[in-house]
């Protein structure tokens, strides 16, 4: 996604999120303490302020985006301002992988989930960045094996350090 | 004070504490060498390790990491012309030209000693200034604490984001997040949605690791370039020994560095890059040979590196004495103190003087540890630059997960960390900054509870918040700062528009001709 398109989109997210925050703040029970302030006072005030501050940000970022679009049309450039596809793919891949790791962390246990995560993270980055396509079949196999060995050693050594040295229990 | 120092000495000079400080320093050095990994990230990752430690040992470890990261950022700056940390930008001005002359070892030796001297000097300044400030702050009541929290939030929001509004939004998001959980006065649940883990509020550690480590991982994943080859690991470092005599021969530059770091450090949000650039400028101004700056001049390196480490001592003054951090790394350190059950502020000096003076001494020891470890291991640390990024990225994620899970064995904290990580990534990407979010999370409860407590005391009357002298000063300065930042933003955007118009007109002329 283009960086400049993301700016107004993120502002919209802030506007919506602050609106939702304000709505939920109004549903809080209005019990007042001796000072007269309810538990909803700060959440309402803060979500309201976020909304008010996000409006000019949205207007400014949208105008900036529009002027950049016009500039591109004027210059008749065929290339849009999207970031490199591999970078976006790498970002999404790592994001999805981290979420997946969080979901299996307790279910599969530390050792299995961490080995799996490390192996897939390294392999995925190599494949998506195009490093893998430049390798021969033998090199691919060797690299894959080295990533697997790295994943097993890393997860086992961290497991030992935290459980044996720091006495921090990790999910089995 | 003397009794406090004696008690502190007994806490610091224990084998475990010294080992923890050395370990923290080593990790900080390794993190600082790698461009893209920040000192805030280093101490965020170390926080879980400090859980079971006594306060001075834990905080000493974190201070060691800050000291280490402060100096090791100069390694890639000198060898590759790539600053390892933002504060090492100015090190490239003279460090890289010196390395190109084949004197990389000399440049590194100067950087190490200048950092050490800057750190020790700033520790002395910290120990002299923090106690009287804390003593003065004992006069603060609920109104003053409320105003001080607002002042801290405004001051960091005005410098952390790309615009004042964006910085403020980031601070308000943190403040809003701090309202999640059980209400501190009447005990009503707010935004918990039936989630038991949220009843005690947002845990600071998942938020810190998410905002400073996970967001950075996502950024690095986006910017990962396999074509980027690091060759500095193959650099031959000649005579990388500490250059004490040459550093002190540049005493003007040394004083400029210590002065700039100590003055800029306590200003919330100012950061290391500003301190080092100010130091460099001052050193050049007071130098007998200003024309030599930028050509591999030793005074340039001495001024910048001494400022980098002097900054930390300065930034610790408001962090410890008032509970208001100087920049992102000290904001994380503040979180570390709170996890240790220490509430920074004036009462800390009154109630736990042994701990506070122990922290001062731990900072001094961290500087000695940095000097020793850097001198012994400089050739090894240069090799750290060759660590493959993809493997490092995976390892850091694993450390984040374990650190957050270790809080209380609750997987919900991992989800919380991821949420803050994604939020932090977008906040950084679109110019909001993440430091104000942490400040909001830390200062929010102080502001809310003091406002409500104050209103209870004043029987619903708001006027004392705007009439008590200190409260008025804090709010007045915050307001002035808001106006000044708005004015500065307006002038900058006006200049940019003018520059763009001139550029467009020139483009049109070329197009028509």
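Cβ from N, Cα, C; glycine included.
Range with TrEMBL annotation transmembrane segment, chosen from B:72-92, B:198-218, B:219-239, is B:198-218.
Looking at B:291-313, B:360-382, the stretch flagged in TrEMBL as transmembrane segment turns out to be B:360-382. Below 8 A, the CB atoms of the transmembrane segment (B:394-418) and the transmembrane segment (B:142-161) form no more than two pairs separated by six or more positions in the chain, fewer than 3 in all. Remote same-chain residues near the transmembrane segment (B:198-218) are listed as 36-38, 40-41, 44-45, 47-48, 177-178, 180-182, 189, 191-192, 328, 332, 335, 338-339, 393, 396-397, 400, 403-404, 407, 413-414, 416-425, 427-428, 434, 437-438, 441-442, 445 (criterion: CB distance under 8 Å, separation of at least six residues from the stretch ends). The transmembrane segment (B:20-47) is in contact with the transmembrane segment (B:360-382), judged by 3+ CB-CB distances under 8 Å for residue pairs 6 or more apart in sequence. Sequence-distant contacts of the transmembrane segment (B:315-339), counting only residues of its own chain at least 6 positions beyond either end whose CB sits under 8 Å from a CB of the stretch, comprise 38-40, 43-44, 47, 50-51, 55, 58-59, 62-63, 66, 125-126, 129-131, 133-134, 137, 148, 151-152, 156, 160, 204-205, 208, 212, 265-272, 345-346, 348-349, 356, 359, 363, 434-435, 438-439, 442-443, 446. With a cut-off of 8 Å between Cβ atoms, the residues of this chain six or more beyond the transmembrane segment (B:107-130) that come close are 67, 70-71, 74-75, 78, 91, 94-95, 98-99, 237, 239-244, 246-248, 254, 257-258, 261-262, 265, 296, 298, 301-314, 316-317, 320-321, 349, 356-357, 360, 363-364, 366-368, 370-371, 374-375, 378.
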